Amino acid sequence: MSGAPTAGAALMLCAATAVLLSAQGGPVQSKSPRFASWDEMNVLAHGLLQLGQGLREHAERTRSQLSALERRLSACGSACQGTEGSTDLPLAPESRVDPEVLHSLQTQLKAQNSRIQQLFHKVAQQQRHLEKQHLRIQHLQSQFGLLDHKHLDHEVAKPARRKRLPEMAQPVDPAHNVSRLHRLPRDCQELFQVGERQSGLFEIQPQGSPPFLVNCKMTSDGGWTVIQRRHDGSVDFNRPWEAYKAGFGDPHGEFWLGLEKVHSITGDRNSRLAVQLRDWDGNAELLQFSVHLGGEDTAYSLQLTAPVAGQLGATTVPPSGLSVPFSTWDQDHDLRRDKNCAKSLSGGWWFGTCSHSNLNGQYFRSIPQQRQKLKKGIFWKTWRGRYYPLQATTMLIQPMAAEAAS
């Protein structure tokens, strides 16, 4: 009879569902458990839901088939009983239906129908269970997503420091940085004031400027922002105006911070400029000046108001109140009318008469013999002379307010 195998198949499908559920919830015997991803859990949940729906449809079809078979047998039983009561035509022995057999078949059909009802009920229970499991999975997914966002927010909330950038000109996304000041510090001195004592790379955000990366040098005098460093000739400093405006180089090696960034740090405030020089014999010199840097509308003019520390000859700086604009080979703003100092020498600088200093000149790993080459080098006239190419230089800046704060 076809009803029994169909019901058996449905029971086997139900058993397979139970096995899948027990396998999902049972303990893992492996010593190194592998946790399923959320996508795999979704696939499993949807698969189980489809299996439950298939079992339900199978049970409904089986019950419908059994009902139709029961009706046919009932009709056959009535016809057979009517034929048995008639004596007009003799019936063949094989065409006679024993009432006991009919009763037995009907009993079996009722029992089968009862089992189908039970199976249908179990399938409905399994489907409700799967729906609950699916809701639990969705809830866990939402909780997992919330925890993931909280983890990301926690990572964002950490002060991001000492991150590398391939070029000094690249800005930093402010959404990825939150400082202990509830904002990024304006400069390295502000970092020093909130307790930072370790030198390194930090992200700052001067007022009205996007965030950017700077080298901070922490000393007993406070925090200094490094704006230039030369020591090995790895970076070409003979660049056009836009490069000097934006900045270039490697923050871990040689670099120029950028005129616009330096101006955003100093703003309208007077600042201290420190210049560190080193020759090829290991001798070092430190010079400090009180300076004010103008904006691009002044060609980033540098005004040296007065010496703050170190020895500086009177002939090496312009008179008090005189500003020296910044020049490059493609934008000549120097004080020489008959010469483009940046083109004649090398690199961009605050050229006055082309002869007192140029810390962005060509780097020489050994001192050349030709005087024409020597004049293109890195020099500071009042310390080692006009034609002595220096081995290393560093320029640092700090707001003048630091003097009162320290």
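The backbone N, Cα and C atoms fix where each Cβ goes, glycine too.
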Practice task
Would you mind telling me which of 56-99, 100-143 Swiss-Prot tags as coiled coil?
Solution key: 100-143
Problem - Neighbour tally for Cys216 (disulfide bond), based on other Cβ positions within 10 Å of its Cβ - result: 24
Fill in the blank from the handout: Long-range Cβ list for Cys188 (disulfide bond), cut-off under 8 Å, min separation 6+ in sequence, same chain only, gives Phe202, Ile204, Val214, Cys216, Lys217, Met218, Gly223, Trp224, Thr225, Gln398
Exercise for the section: Would you pick out, from the disulfide-bonded residues Cys341, Cys354, the residue whose Cβ has the largest number of other Cβ atoms within 10 Å? Expected result: Cys341
Practice task
Within the domain 'Fibrinogen C-terminal' (179-401) only, compute the mean pLDDT.
Solution key: 88
